[in-house]
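Take a look at the structure set out below.
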Amino acid sequence: MMNSTQVSYFTLAAYLDTGPFKYLYFMIVMSLYIFIISVNVMLIVVICVNRSLHEPMYIFLCSLFVNNLYGSTGLFPLLLVQILSDIHNVSAPFCFLQIYCVHTYGAVEYLNLAIMSYDRYLAICYPLQYNSHMTSKKIATLIALTWLYPLIACIVYTIYLHSHSQLCGNVINKVYCDGHSIVKLACSDSHIVNALGLILSFGVIFGALIVIIYTYINIFKVCFSGSKQTRQKAVSTCTPHLASLFNFSVGASFELLQSRFNLTNVPIMMRIFLSVYFLTFPPLFNPVMYGLKMSKIRVIGKSLMANIGY
């Protein structure tokens, strides 16, 4: 038995021996990471430098894009290093740092999507009172809660995981570090740390889900009873949000199922794909979806690119 503080490194066992193809995989993953950074940074800049986009919906979008950068940066640098490496070891401090990044990214993403649904609910159901409800102070409070709760809660979870887990091994059967993989390595009673992880995870999930379900029930009611203009406004602003919500929920569900249940009968390539889906596809999908669907962002983005090109 060895205490987690005595583990100097963890071995990521899901990497396959790809031989000379590792350089090709490295270039593909590097290109994907550069694209994710580029499109998210571009949309953050577009929103920040244009005063016409300094509205609640776009400010919440900016927060979502910042989290996309945060989450992808929590995965891709390690992934790139490991693809080129022959020995897939990761230092214990870096592993726990990645656990913290992955958990906070997931929580912030879901809470951000919840406050975006609340914003659409106010804009569609109470258009005349929208500006009085969605004040600058309220926007700042919602964004602060979206980020501060996960950042603080995940610090508590990661510290507790590090200090209360006695480990009987250091092999993680994934391509990155995650909390439940560390719990699986414990040879001491891990019920408390497991329960803490579940409480924090499902606290965020159910809290956000209640807000999302309540707001969309009311949005659909207004759409069915309202004018054609109301329906068009709802479709134009809610479609990309629902697509982002569905995309992230599918990825997060894959990850939760894989971490909690034994999926050894599933092919390893499929397990790797499912494990990185929620860290890869939302940061790729969100900026593309909003950049194409939101006409205001699309027009200003084209204008900015044309000026840069000129």
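Along the chain as shown, the residues are counted starting at 1.
Even glycines carry a Cβ here, placed using N, Cα and C.
If you look up TrEMBL, you'll see 39-290 marked as domain 'G-protein coupled receptors family 1 profile'.
The transmembrane segment feature in TrEMBL is assigned to 23-46 (among others). The list of residues near the transmembrane segment (23-46) in space but at least 6 beyond its ends in sequence, with Cβ under 8 angstroms from a Cβ of it, reads 53, 61-62, 65-66, 68-69, 72, 76, 79-80, 83-84, 280, 283-284, 286-288, 290-291, 297, 300-301, 304.
Per TrEMBL, the feature transmembrane segment maps to 58-84 (among others). Beyond its flanks by at least six residues, the transmembrane segment (58-84) meets 12, 15, 18, 22-23, 25-26, 29-30, 32-33, 36-37, 40-41, 43-44, 47-48, 90, 94, 98, 101-102, 104-106, 108-109, 112-113, 115-116, 119, 139, 142-143, 146-147, 175-176, 244, 276, 279-280, 282-283, 286-287, 290, 294, 296-297 of its own chain at Cβ-Cβ distances under 8 Å.
Nonlocal intrachain contacts for the transmembrane segment (96-118), taken as residues 6+ away from its ends with a CB within less than 8 angstroms of a stretch CB, comprise 57, 60-61, 63-64, 67, 70-71, 73-75, 78, 90, 142-143, 145-147, 149-151, 153-155, 157-158, 161-162, 176-179, 182, 200, 204-205, 207-209, 211-212, 215-216, 241, 244-245, 248, 252, 278-279, 282. Residues annotated as transmembrane segment in TrEMBL: 96-118 (among others).
What TrEMBL records for 139-160 (among others) is transmembrane segment.
For 195-217 (among others), the entry in TrEMBL reads transmembrane segment. Packing against the transmembrane segment (195-217) from elsewhere in the chain are residues 103, 106-107, 110-111, 113-115, 117-118, 120-121, 149-150, 153-154, 156-157, 160-161, 179-180, 183, 238, 242, 245, 256: each is 6 or more residues past its ends and has a CB under 8 Å from a CB in it.
Annotated transmembrane segment per TrEMBL: 238-256 (among others), in sequence order.
Listed by sequence, the residues of this chain that lie at least six past the ends of the transmembrane segment (268-292) yet keep a Cβ under 8 A from its Cβ atoms are 14, 16, 32, 35-36, 39-40, 42-43, 61, 64-65, 68-69, 71-72, 74-75, 79, 102, 105-106, 109, 174-176, 240, 243-244, 247-248, 250-252, 254-255, 258, 298, 301. For 268-292 (among others), the entry in TrEMBL reads transmembrane segment.
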The domain 'G-protein coupled receptors family 1 profile' (39-290): mean pLDDT?
87
Beyond the flanks of the transmembrane segment (238-256) by 6 or more, those residues with Cβ under 8 Å of it:
64, 106, 109-110, 113, 116-117, 120, 124, 178, 201, 212, 216, 219, 274-275, 277-279, 281-282, 285-286, 289-290, 293-294
